[in-house]
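TrEMBL lists B:34-163 with the feature domain 'Histidine kinase/HSP90-like ATPase'. Marked as ATP binding site by TrEMBL: B:49, B:87, B:108, B:109, B:117, B:118, B:119, B:120, B:121, B:122, B:123, B:124, B:440.
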């Protein structure tokens, strides 16, 4: 019987959907799971595009975010908001504008470079969300620096075809030197719930990019302004060639197809990063392939074994230099310390930029900053601030590799007491951040990354331990000085009186300052103050401060 | 200066990648993040396809999984395994075979139906992983029941174009009545680490589908055989029309384009589920649209406001019936209890299939089973078994909505003591399971779902509390019976002796059984045993058991 049913039902309807339809049906994959998250994600994606268009190209960012309620919520649906983000970036060329905003998987992010955008999806996910919830296109206004025009387009996505539909477009003469992009989308959202997250997002962006000027204008008309704290910027990331450890068979095949190199040796030298003549020659000897063959012969079917051997060796050969980290753009210790100081006004702050490492051929740099004491509110757990390629990550903290590492740190070992007045910042910069999902909220537990984050936290925490223990020693020394110094005036006077000749009892007045000076020097010299971050208190000043506070009776 | 740099750098390279290239570059998104996970994911995807081809079509599944090491690991790379999965399902038609295995986003899953596959990605992700790590195609052998041939194809994906490449194909005459599919992929993997997860995966599949026969043959040649425990199968899921609460503007637009309906009223009745003539008429009155207009007029630009109003009302109108749950295929209480019993041999087991609910227009059913005591190993936390559309979910437990709910249950309230001898099974069946990622490992915290899971656990736990408290009462009653009953023989004899006439002292032998019987009845009647799951112990039997164990001295 069951078998008979099977025949009746054995008609599966196969069909193809476009990638636009895929992400439109599964909006939660890109972070648009409900009106709160969707509004937050809309702001994020537009802001991250804005920043990628500025600091990644050496421009000091000025980013303005306007969120306006355009229709209030009603019984039937959430409110609608217009989210506009303006930047002073390089602008979008007119020729690619429609596709860059209206075609999923068309992007400037498909190169090997450290960018905030990673998947080439974000802004298109905004457009998909906007048009499926409110039916409205995204409006893009943009001008490049060398252009005489400002272009604008209203763009939707033909979801079935994954093609842009330009609903309206035009151009204006440019009178000013303005360049940049303004992107505006109208989306369903829940501002009340999203508000704290959005403000926190902007605030953390200001921490990680203190060289940016950020404005957030809320639907209530509140203005959150984060002024530029420095003009110093990290050097922009640069595009890199693939590292041999990071390629796979298909990628090498496609590199072979497009290469101009005429020998296998040249192919290696020209198409990969960090392979020079010597390394390439040694490597090919190791693989057992002739350096002067035409690389394209490896594409032949009968050469599959050779190609496989080449790729396996490329992925694993230990003689290559590590992935180029000089193409990455870490924030730098100074800017991290500045950002943390500005945010927390701590008693102590320190950051470290770790040396570059690699996982699966992708270079990465971990940076860790710790702020301690001062105005930090005491908490049950240390505050964790996560960043990846200069993006703050706010959701799904407990799933993040940094959270895992942080919860396993024994802060007692570093002299930090509960409740914690401690904020730990972790920044991961990479040409490929291993996010858990396309919504870019948490980072996977890649062993190389995990260990670098642990090392980074330990490194800064060791400085913190030294600071805390020296501070404790300083406290102790101070107490000692105070407890001795407070007797100095009395002792000095007594000694002076004792040493005065009986015929001239007032002589003590002359002797007293000398004895006092002697005692001060002795006491000050006997106690060594610890050096804390290069600063060392002068014990003499402490002694003098104490003495100043002691009054002794005049000798009658 | 910075501005000048900007000009130099202001050349963004925009490019388009295919969806195959996207998932090839970002394999971790589909669960292929390292050799262990990748091997596990390969098995999963093939098994889930196999099961979808059987029980979803009323066929009792026989699924055989063979994992063979084809090349050992060496210094440079992980070992390679051939993973073959054979099913007795409906087979793949020759006409779509290449695309179904060799084109991302071509699938039979893009209908509204409860299936294990959800995104139409899984098996293609296997092919992408296989060909980028080992360069090998997937081999598919398949025959449909009504076909006279067995077809086979070796399929790869042209990643740049997202098109299938058939490397080899052919057909054989079919001599037997076999139908089904065998899919084999050769992938890099780490069997040693993946082994426990893969075995657990198959074991849990056997729990949730006790009507399936499952074989796993490991690289070591071990055979794990899970025989069919029942021939009873849940009714297969059926394809549904969209529920109005689940559509969006774009979807309605595309439904309007393809509809055959000539009036708006008919459009609603024909294209949506659960809208009859009366509901449609009332609904259109509510929206203020005429029922007899041609629905396609709403596609006109000037009718956008009307279309928007229609969609908003569709999404929110309260007069519609809930999404059809009779199209879903829950497992059923009986099969869940059977599966849990088979796996845990518990002292107590119970399952509940909750009434259907909906989120965002998608119907879902939560099922909860609890096994308690018996052979369950005591643990610090209850064991959680997560399932979605009959798939076991093993990774990323802590991110799952069920974990969140479970950790907030106060088991003390239900009389369950630590350490826990407790296993909680949660199954979510839906036409759209809200996974957090395309790797299908954890379910999002959708409020409607969270509350149903909580209700389900509470419901079963309340029965458990009753069981535990009745068992405690039973224990108490038993103790009471025992403590009284053990005196019955002595008392009965004494009474019998006392009641015997002095002239016939042996009369007591006659009286004794009568007195005994009287006492037994009295004691048994005085104590009420609690009813536990319909079973109630007979106190008389307990009394008799006790008495049997008591020996009293013969009267001398």
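Glycine too: its Cβ is placed from the backbone N, Cα and C atoms.
The model shown is predicted, which means the values in this text are computed figures rather than measured ones.
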For ATP, whose listed binding residues are B:49, B:87, B:108, B:109, B:117, B:118, B:119, B:120, B:121, B:122, B:123, B:124, B:440, the greatest C-alpha pairwise distance in Å: 22
Tally of DSSP helical, extended and coil residues in the domain 'Histidine kinase/HSP90-like ATPase' (B:34-163): 42 helix, 41 strand, 47 coil
Neighbour count (Cβ, 10 Å) for residue B:121 (ATP binding site): 24
PLDDT averaged over every residue in the domain 'Histidine kinase/HSP90-like ATPase' (B:34-163): 93
Binding-site residues in contact range of chain A, given that the Cβ distance is under 8 Å, out of B:108, B:117, B:119, B:123: B:108, B:119
For residue B:440 (ATP binding site), nearby residues of its own chain (Cβ under 8 Å, 6 or more apart in sequence): B:31, B:118, B:119, B:122, B:388, B:391, B:393, B:433
Residues that sit under 8 angstroms from residue B:123 (ATP binding site) by C-beta distance, when 6+ apart in the chain: B:45, B:46, B:49, B:100, B:101, B:138, B:183
All-chain count of other Cβ atoms within 10 Å of residue B:117 (ATP binding site): 21
Most crowded position, judged by CB atoms within 10 A, among B:49, B:108 as binding-site residues: B:49
CB contacts for residue B:119 (ATP binding site) [other CB atoms within 10 A, all chains]: 23
